[in-house]
Ligand SMILES: O=P(O)(O)O[C@H]1O[C@H](CO)[C@@H](O)[C@H]1O
Ligand SMILES: O=c1cc[nH]c(=O)[nH]1
């Protein structure tokens, strides 16, 4: 059992709210904290992985970067769930579209996750672990999106260990209806399941790798803001 502060999160006991929003990018965490939270306090910056706690519509809420990939998400979400009493983590990431109907800036929710990651091998299960979202958080996000008149596409994500991939096989994943590729949801869902906690991955489509399209950086903020608002409202629903 690790003590707080943990090796990777330099924050004291009680530094995090029960719900944490987690973008991959720590600077996106800073943006959300400064733009949406009242009285945001920087609670950790170990390795530059910024984490903040503040208040959203009267409810304590935290936001912290996860870094890129399952190993990084695995470390931070484990420490948050097990040592900082965090109950809910909502990832707010970017993703590459696999499904042909998805457009740049669309927002997807990962009901289930297909993966090439071996993160959940550690459980030693006599079969295949199926990473899945918390239905409670998913329902709250779907409701929040509906209230905001924003379409939220719900389905399966591909969580890959590779951004640059010699044999990505995205066309093959397209055949089985996979929505989009990102890199952290499998570890997040596995850690939540093992800890008996809740997790959800929301992603904004930033690329269409099969079509060679990519969202210009100056346009990313607006569509990411839409996803942030869905996550923020979902986080405070009861
Ligand atoms: O925008 P974030 O949340 O980092 O998510 C996606 O972007 C990174 C790759 O560019 C990976 O972390 C991937 O999952
Ligand atoms: O993992 C990712 C994230 C964004 N865009 C991609 O193509 N892949």
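Cβ from N, Cα, C; glycine included.
Taken from TrEMBL as is:
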ACT_SITE  207  active site, proton donor
BINDING   8, 182, 183, 184, 206, 207  purine D-ribonucleoside binding site
BINDING   24, 28, 47, 91, 92, 93, 94  phosphate binding site
DOMAIN    20-224  domain 'Nucleoside phosphorylase'
SITE      220  site 'Important for catalytic activity'
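Binding of purine D-ribonucleoside is attributed in the record to 8, 182, 183, 184, 206, 207, and the widest Cα separation among these residues amounts to 30 Å. Mean pLDDT, taken over the domain 'Nucleoside phosphorylase' (20-224), works out to 96 on the 0 to 100 scale. In this structure, the CA atom of residue 183 (purine D-ribonucleoside binding site) is 9 Å away from the CA atom of residue 93 (phosphate binding site). According to its DSSP assignment, residue 24 (phosphate binding site) is coil.
Taking all protein chains in view, 23 other C-beta atoms sit within 10 angstroms of the C-beta of residue 206 (purine D-ribonucleoside binding site). With respect to ligand 2, the binding-site residues 24, 47, 94 contribute 94 as residues with a C-beta closer than 6 angstroms to one of its atoms, given in sequence order. When the Cα of residue 24 (phosphate binding site) is compared against those of the recorded positions 8, 184, 220, the shortest separation belongs to 184.
Cα spacing between residue 8 (purine D-ribonucleoside binding site) and residue 92 (phosphate binding site): 20 Å, rounded to the nearest whole number. When the CA atoms are compared, no recorded positions among the candidates 182, 206, 220 lie within 10 A of residue 91 (phosphate binding site).
Only 93, 183, 184 of the recorded positions listed as 93, 183, 184, 220 bring a Cβ under 6 Å of any atom of ligand 1; the order follows the sequence. In this structure, the C-alpha atom of residue 184 (purine D-ribonucleoside binding site) lies 16 angstrom from that of residue 28 (phosphate binding site). If you measure from the Cα atom of the residue listed as 'active site, proton donor' to that of residue 94 (phosphate binding site), you get 8 Å.
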